[in-house]
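Some notes on the structure that comes next.
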Amino acid sequence: MTTPAYKRVLLKLSGEALMGDDPYGINRATIERMVADVSEVAKLGVELAIVIGGGNIFRGVAPGAQGMDRATADYMGMLATVMNSLALADAMRQVGITARVMSAIAIEQVVEPYVRPKALQYLEEGKIVIFAAGTGNPFFTTDTAAALRGSEIGAEIVLKATKVDGVYSADPNKDPDATRYATITFDEAISKHLQVMDATAFALCRDQKLPIKVFSIVKPGALKRVVLGEDEGTLVHV
Ligand SMILES: Nc1ncnc2c1ncn2[C@@H]1O[C@H](COP(=O)(O)OP(=O)(O)O)[C@@H](O)[C@H]1O
Ligand SMILES: O=c1ccn([C@@H]2O[C@H](COP(=O)(O)OP(=O)(O)O)[C@@H](O)[C@H]2O)c(=O)[nH]1
């Protein structure tokens, strides 16, 4: 089966996963592998928009940010996502994929600003759009940015590629007895305080009836399996 289950998706890539086994920063082999996964899916004809996090860079500067004003630290985090977006777009360029980076905060000499109709146009042209700088607001996360942009562009689903292979009854990195859900409702995920995504992102997707698939960013072929509608990860639904 090679028919994709979706026409347009919003892919959220973990920033933290970009560092691979390094203590922080962008691991070359890791970003190349992510691009290879994305490329496979793009070849299926799926329109792809991407939101990438910033945890890999921000973790590196975090010791110096201790005691910092929260909003200022968050702006630094947003700038980290801009760096990751540029690195991702360039890694795509190197393998012949056309990507456009659009930023939620104005830094016009570096990347073009986010303009919704322009983003829609790029997607229709088959280009990959990378949304940088999260929502552009402090006190939010890139997961919420994924929910927001996913809603704006009319994506059929938000695909959260992260370090775990789905939503568990508790944080699997802390609780060895945690069990994975095949599917879970937004209300359940919110009421059980499952931390795999923040409540703002869950609530926005719930209100917009935009399902989320949580799956592993490290498992080979997982993204393609998800896009083909195969049994992979956890579906969060209304
Ligand atoms: N109930 C849960 N199910 C799955 N993962 C969970 C859960 N609770 C907490 N987590 C943690 O959430 C992490 C993923 O969320 P997050 O830190 O936002 O990652 P990302 O870098 O993808 O944005 C996982 O690595 C896992 O340790
Ligand atoms: O709309 C947003 C998106 C991100 N951030 C900041 O950017 C950081 C990096 O994003 P995130 O932690 O979501 O990335 P990931 O977990 O994927 O590495 C966050 O911690 C926030 O400090 C923010 O302030 N507003």
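Backbone N, Cα and C atoms are what each Cβ position is placed from, and that goes for glycine too.
Those TrEMBL annotations? Automatic predictions, nothing curated.
What TrEMBL says about this protein:
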| type | residues | note |
| --- | --- | --- |
| BINDING | Lys12, Leu13, Ser14, Gly15, Gly55, Arg59, Thr162, Tyr168, Asp171 | ATP binding site |
| BINDING | Gly54, Asp74, Thr135, Gly136, Asn137, Pro138, Phe139, Phe140, Thr141, Thr142 | UMP binding site |
| DOMAIN | 7-216 | domain 'Aspartate/glutamate/uridylate kinase' |
Q.
With an 8 Å cut-off on Cβ distance to the Gly54, Asp74, Thr135, Gly136, Asn137, Pro138, Phe139, Phe140, Thr141, Thr142 Cβ center, who else from the chain surrounds the UMP site?
A. Gly77, Met78, Gly134, Thr144, Ala145
Q) Who sits close to Lys12 (ATP binding site): which same-chain residues at least 6 apart have their Cβ under 8 Å from its Cβ? A) Ile50, Val51, Ile52, Gly53, Thr142, Asp143, Ala146, Val158, Leu159, Lys160, Ala161, Thr162
Q) Going by C-alpha distance, which of the binding-site residues Ser14, Gly55, Asp171 is nearest to Asn137 (UMP binding site)? A) Gly55
Q.
Among Gly55, Thr135, Thr162, Asp171, please name the binding-site residues whose Cβ is nearer than 6 Å to ligand 2.
A. Gly55, Thr135
Q | Sequence-ordered binding-site residues from Lys12, Gly54, Asn137, Phe139, Thr141, Thr162 with Cβ under 6 Å of an atom of ligand 1 | A | Thr162
Q: Pop the Cα-Cα gap between Gly54 (UMP binding site) and Asp171 (ATP binding site) into the table, whole Å please.
A: 21
Q: Pop the Cα-Cα gap between Ser14 (ATP binding site) and Gly54 (UMP binding site) into the table, whole Å please.
A: 8
Q) According to DSSP, which of helix, strand or coil covers Gly55 (ATP binding site)? A) helix
Q) Could you state the CA-to-CA distance between Phe139 (UMP binding site) and Gly55 (ATP binding site) to the nearest Å? A) 15
Q: Pop the Cα-Cα gap between Gly55 (ATP binding site) and Thr135 (UMP binding site) into the table, whole Å please.
A: 15
Q) Gly54, Gly55: which of these binding-site residues has the highest Cβ count within 10 Å of its own Cβ? A) Gly54
Q. Given the UMP binding site residues Gly54, Asp74, Thr135, Gly136, Asn137, Pro138, Phe139, Phe140, Thr141, Thr142 in the record, what is the largest Cα to Cα distance, rounded to whole Å?
A. 14
